[in-house]
């Protein structure tokens, strides 16, 4: 009986399997990340600080990659998926499945965290969900710029943070260079995201990922915050969508120009690079 149920439920379409993998990986990433933000904001500093948010997203990235990595490669980021398509590493026909999976997982995670912390949200806001002001809570779900940050400054922040994200990912997986030990890539990528949050999170909240920012923003527009989520911060919403895409492409280009193009595998070398040959008898 169980075998029959398993046979019925098993999906044979590769694209649909990748969609589901991206959805689950993104869901795990975002539940850990958004719930850590909710706890810090709604707990008024008594249940964590900014570092808690960075750790939450780092852990979420690590587990999300473990969940989806063997099936879809665990992009978990629309900017990374689009970059792979532009570089020819991923067929364009797979782009919709990846993006739908990422957006579905992210949107569902926002709804889950909303339900998880609904009572705390209501107590914190007295039922008045606002985007700005002393009791603003929209930033639990999506990123918004700090009051002192201009649109240009915010764009540069997101662009630079995504450049560092891609450089880190490429370095971790660079088989021709000093790649990470097998099995540690997911953990190191989580630490990479932690590092970006620790160093570059103050200005904009380090979205670095359209799939992390846009679906929860759409959810908040539906769930009671209204269209202010798109107009706040001088129509900030489009920057976490576009800057990561350009930053992702720039990160790949920088790695190509500085490392990859010049680091060709050495043929007929009996020893590692930089190590003298040692003869033994």
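Glycine residues also receive a Cβ, built from the backbone N, Cα and C atoms like all the rest.
TrEMBL: automatically predicted annotations, no manual curation.
The shown structure was predicted, so the numbers you read here are calculated from the model rather than taken from an experiment.
Tertiary neighbourhood of the transmembrane segment (20-41): same-chain residues 11, 47-50, 52-53, 55-57, 59-61, 63-65, 67-69, 71-72, 74-76, 97-98, 100-102, 104-106, 108-110, 112-113, 116-117, 120-121, 124, 137, 139-141, 211-212, 216, selected by CB-CB distance under 8 Å and a gap of 6+ residues from either end. Look at TrEMBL and you will find 20-41 (among others) tagged as transmembrane segment.
What TrEMBL records for 53-76 (among others) is transmembrane segment.
What TrEMBL records for 97-118 (among others) is transmembrane segment. For the transmembrane segment (97-118), the residues of the chain that approach it from at least six positions outside its boundaries are 15-16, 18-31, 34-35, 38-39, 42, 72, 75-78, 81, 90, 140-141, 211-212, 214-216, 218-220, 223, judged by C-beta separation under 8 angstroms.
Long-range contacts of the transmembrane segment (148-172) within the same chain: residues 79-80, 83, 178-180, 185, 188-189, 192-193, 195-196, 200, 203-204, 206-209, 233-234, 236, 239-240, 242-244, 246-248, 250-252, 254-255, 259-260, each at least 6 residues beyond the stretch ends and with a Cβ under 8 Å from a Cβ of the stretch. What TrEMBL records for 148-172 (among others) is transmembrane segment.
If you look up TrEMBL, you'll see 184-208 (among others) marked as transmembrane segment.
Residues annotated as transmembrane segment in TrEMBL: 235-254 (among others).
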Per the Cβ filter (under 8 Å) with a sequence gap of at least 6 from its ends, the transmembrane segment (235-254) is approached by 77-80, 82-83, 86-87, 142-145, 151, 154-155, 158-167, 170, 204, 207-210, 212-214, 217, 229
